[in-house]
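Sequence annotations record features per position, and here Swiss-Prot assigns transmembrane segment to 41-61, 65-85, 222-242 based on sequence analysis. Residues or ranges marked as domain 'FtsK' in Swiss-Prot (evidence: sequence analysis): 456-665. Annotation comment: Swiss-Prot describes G479, T480, T481, G482, S483, G484, K485, S486 as ATP binding site. Positions annotated as active site by Swiss-Prot, on the basis of a curator's inference: E600.
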Amino acid sequence: MTTKKFTPTITRGPRLTPGEISLTPPDDLGIDIPPSGVQKILPYVMGGAMLGMIAIMVAGGTRQLSPYMLMMPLMMIVMMVGGLAGSTGGGGKKVPEINADRKEYLRYLAGLRTRVTSSATSQVAFFSYHAPHPEDLLSIVGTQRQWSRPANADFYAATRIGIGDQPAVDRLLKPAVGGELAAASAAPQPFLEPVSHMWVVKFLRTHGLIHDCPKLLQLRTFPTIAIGGDLAGAAGLMTAMICHLAVFHPPDLLQIRVLTEEPDDPDWSWLKWLPHVQHQTETDAAGSTRLIFTRQEGLSDLAARGPHAPDSLPGGPYVVVVDLTGGKAGFPPDGRAGVTVITLGNHRGSAYRIRVHEDGTADDRLPNQSFRQVTSVTDRMSPQQASRIARKLAGWSITGTILDKTSRVQKKVATDWHQLVGAQSVEEITPSRWRMYTDTDRDRLKIPFGHELKTGNVMYLDIKEGAEFGAGPHGMLIGTTGSGKSEFLRTLILSLVAMTHPDQVNLLLTDFKGGSTFLGMEKLPHTAAVVTNMAEEAELVSRMGEVLTGELDRRQSILRQAGMKVGAAGALSGVAEYEKYRERGADLPPLPTLFVVVDEFAELLQSHPDFIGLFDRICRVGRSLRVHLLLATQSLQTGGVRIDKLEPNLTYRIALRTTSSHESKAVIGTPEAQYITNKESGVGFLRVGMEDPVKFSTFYISGPYMPPAAGVETNGEAGGPGQQTTRQAARIHRFTAAPVLEEAPTP
């Protein structure tokens with residue numbers, strides 16, 4: 001099976017910061033003190049005295065009464081009311097004071113509500129990113145989020161099961177006595193202000209849980225898991241869980257094995273496409289052996305492991321066993337290290353059980369506990385949806401190899417150059433073949449230049465930056481005289497311009513050994529200039545530094561103007577953002593990538609040492625401005641040139657034959673380039689980042705061109721004329737879950 005190499009990118013995503021909020025309780029109303037005996041009798045005594053005084057005044061005659069005497073009963077009434085008011089309450093707060101405290105406390109809760117609401121929104125966004133809806137998984141395949149969970153990630157071996165209630169990460173802490181809400185003075189609940197107490201209880205119940213939050217199940221916690229209940233719902237949940245695992249975990253860190261009685265069951269046959277179900281080394285006639293078994297013997301190697309430990313990481317990939325037999329995997333209750341068995345069905349012996357209901361909810365059960373609701377909406381995915389995801393993932397692998405078993409054609413060690421760029425003949429390579437790639441197209445700036453000698457695979461140099469899944473943006477090439485360096489550069493440039501429109505890439509070619517490398521390329525519409533060290537172009541060499549500096553400044557100015565034109569807050573961050581606005585319809589002119597190729601840059605730096613500063617600037621800012629640099633030389637020892645400042649930004653290295661092991665190690669980290677023989681012109685090693693060097697052979701395009709005859713395939717060995725070979729008939733095997741046996745070749 002042919003696969004493309006996929007290098008996982010660790011993505012951080014939204015951040016979640018747990019916190020704690022110490023909730024201030026409502027005020028204490030105080031304890032009512034019962035009145036004393038005197039306080040109880042006093043109102044009656046004062047009432048009797050007032051009545052006696054009125055009786056005396058009436059008996060003595062009203063005419064003899066002074067007006068001031070009439071005020072005395074009124075004064076006594078006022079004194080009695082005041083005494084009653086002062087004697088009641090028993091030390092508690094007055095009503096106006098209680099109302100004021102209540103308003104202040106409700107304002108306090110309103111302020112907290114703003115914080116916890118923002119925290120809840122962040123929590124839902126965090127889990128929505130790391131646990132996207134099953135319908136969004138297909139769009140993640142092929143992006144930098146695919147296989148982005150390393151073994152040390154928090155959610156390594158975790159999968160989404162649905163949405164439901166989650167405890168808020170911003171925990172609400174309440175002061176309590178005996179489990180009840182209490183005031184700061186530890187007064188129990190009955191003595192709290194009742195209205196404020198009611199609101200704080202509602203606040204805790206409302207904001208203590210986050211509703212409709214995506215939920216992840218950490219498989220490493222449990223050795224065995226059973227998913228039962230409604231059969232269709234359980235199967236849909238298991239399908240969604242497996243697809244989530246396959247999209248976010250690379251096959252070298254998570255392996256999926258399947259135990260089933262029907263390997264070609266249409267509801268589960270899609271599993272065979274997952275890279276995680278492919279054996280890393282064993283093959284059959286259809287490619288990698290599928291880890292789909294009908295008997296327990298396929299799991300026998302796992303039984304030799306130690307008991308399951310939730311906190312330990314396996315030495316190899318974590319193994320998820322999908323048991324479709326209802327529990328016949330036969331794993332012991334304590335499980336096995338680095339293994340989780342997920343059984344479809346109500347398997348009572350599992351450590352963790354999920355029971356899916358027809359209404360879409362689900363309950364779960366931990367050991368020695370009863371069932372409780374775990375999701376309000378349980379995930380569900382159809383076999384058709386899963387098949388689309390699995391088939392799309394099948395095109396990727398960690399190594400990007402082509403297995404020998406899948407091909408019954410004679411391996412092509414070298415192919416004519418025009419065939420590699422998609423043409424049947426050189427005559428077909430015309431401007432009509434130029435492509436306008438979208439900015440996110442993986443094939444943009446991906447240049448074929450030869451074949452890997454070990455496998456015969458086509459070799460590409462992807463000069464896009466690493467964030468765009470490329471090997472660039474800057475690199476270095478070394479090769480001594482006769483190594484095929486000039487041939488490599490010509491092949492690289494012609495392959496690029498044969499497939500890419502001039503509006504997407506321009507060239508600035510510099511040759512400091514007389515101009516023979518890029519001879520004739522000044523006629524290409526992609527070429528901005530060809531600069532050599534010929535005497536008549538000496539002034540142009542001196543001006544090249546000014547031209548490149550001006551180009552960097554021009555691109556920065558264009559990004560500032562474009563930012564104002566599209567209404568951005570400031571200058572656009574780079575050409576990538578510029579292209580996004582263009583693809584959305586913004587009226588912006590094309591801003592093609594500038595590919596600067598400098599042959600014999602060591603000679604250039606010896607004559608113009610000030611160029612080292614310019615190259616350093618290109619390496620630093622060229623990434624966002626899309627000015628890509630390739631520095632080529634015969635030797636790093638010419639004139640004592642040192643490029644220490646540039647090396648950290650040179651992300652790909654190419655070494656053809658070198659004169660010493662020191663130069664080979666300086667470029668690709670190994671001495672292998674020194675051992676390339678004189679007869680292997682065009683053979684070299686490509687190293688990208690910290691990966692191992694890959695040996696390749698470039699095309700030979702400087703020889704005479706002969707159109708291929710009908711029915712005959714022309715192979716052009718690097719450094720030699722073409723050879724004619726006929727293609728053998730290919731054998732096609734049906735890709736099944738079960739092993740495909742080898743067939744004897746027919747004479």
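Glycine too: its Cβ is placed from the backbone N, Cα and C atoms.
This view paints the features noted in Swiss-Prot onto the structure.
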residue	record	contacts (Cβ under 8 Å, 6+ apart)
G479	ATP binding site	K485, F488, A632, Q634, I654, A655, L656, R657, T658, G684
T480	ATP binding site	Q634, S635, L656, R657, T658, T659
T481	ATP binding site	Q634
G482	ATP binding site	R657, N678, S681
S483	ATP binding site	L656, R657, T658, I676, S681, G682, G684
S486	ATP binding site	S516, T517, D599
E600	active site	D511, F512, K513, A632, T633, Q634
Average pLDDT across the domain 'FtsK' (456-665), rounded to a whole number: 90
T480 (ATP binding site): secondary structure state under DSSP, collapsed to three categories: coil
G484 (ATP binding site): tally of other CB atoms within 10 A of its CB: 26
Cβ neighbours of K485 (ATP binding site) where a neighbour is any other Cβ within 10 Å: 27
Cβ-centroid neighbourhood (8 Å) of the ATP site, G479, T480, T481, G482, S483, G484, K485, S486 excluded: Q634, L656, R657, S681
